[in-house]
Amino acid sequence: MAASSAAFAACLLACALLFQMCVASRKLTALVQDQPITMTYHKGALLSGRIAVNLIWYGNFSAPQRAVITDFVSSLSTPPSPQPQPEPSVASWFKTAQKYYANSKARFPALSLGQHVLDQSYSLGKRLGEKDLVRLAARGSPSRAINVVLTADDVAVDGFCMSRCGTHGASPRSRAGRFAYVWVGNPATQCPGQCAWPYHQPVYGPQAAPLTPPNGDVGVDGMVISLASMIVGTVTNPFGNGFFQGDADAPLEAATACAGVYGKGAYPGYAGSLLVDPASGASYNANGAHGRKYLVPALVDPDTSACSTVG
């Protein structure tokens, strides 16, 4: 979810009539805060225990594109020895979210890669609304799951690029259980300046040269940033009454409150001090599974009430 007015920073909570879900969106405005950021717990339920992250691929994704995102999801958990992720790692970054559970009765969820669902026939068409995203999310597990809908670069989704790069929400309670869901779109052809910064020049603000993406794909590396933000939002505010700042209709969550911040010294138009791969020249801040490198957003550390970057 770019520079001062195009990098992502607020959240939006909307209620769909049919599904009654709470949706938080990674929007397109940047926010670099110097003041303390307090995430208030609103006493709602949190995810707990073992949670499968199921990936629903809508439209055409190449095998290498799917591998980048699949490996990112696998990176969220700390692998057993002898193959730990080099530090700074995606797993260590994700552990910052665990601090939100310190005073909760819930046990911090253990995320694991679940099933893959492929829809390369565009069964719902190439223009999707909120209800369509929910229908797609329902193709994953009905309970103890985060069902992630990933739309290809030729799929138009209501609000995509204009106000958001991704959303998260939850299904209503049912006998089958309840699942959380995430949607993220590939911005490669529609809005890389909004939803793939700093790997593409922003639409607005300072026009610094874009950074080189670590996986060689501007759109998919941008999707990883949005997916990371939305998964943390799902873990800390799954049902709209968890941890957030501000009004429930437009909450700021652990990642979206730090939009546009990826390294120390970040300011609007500058992502911050990042690691650079000497072989490829790619910029990143976290190591992942299978030797992958990723860019993940800063998170609000509840112990310091400030945006915390990796490393």
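Placed from the backbone N, Cα and C atoms, the Cβ positions cover glycine too.
Note that the structure is predicted; figures quoted are calculated from it, not measured.
Features of the protein shown, as given by Swiss-Prot:
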CARBOHYD  ASN60  N-linked glycosylation site
SIGNAL    1-24  signal peptide
Three-state secondary structure, which DSSP defines for ASN60 (N-linked glycosylation site): coil
Taking 10 A as the limit, how many CB atoms besides its own sit near the CB of ASN60 (N-linked glycosylation site)? 15
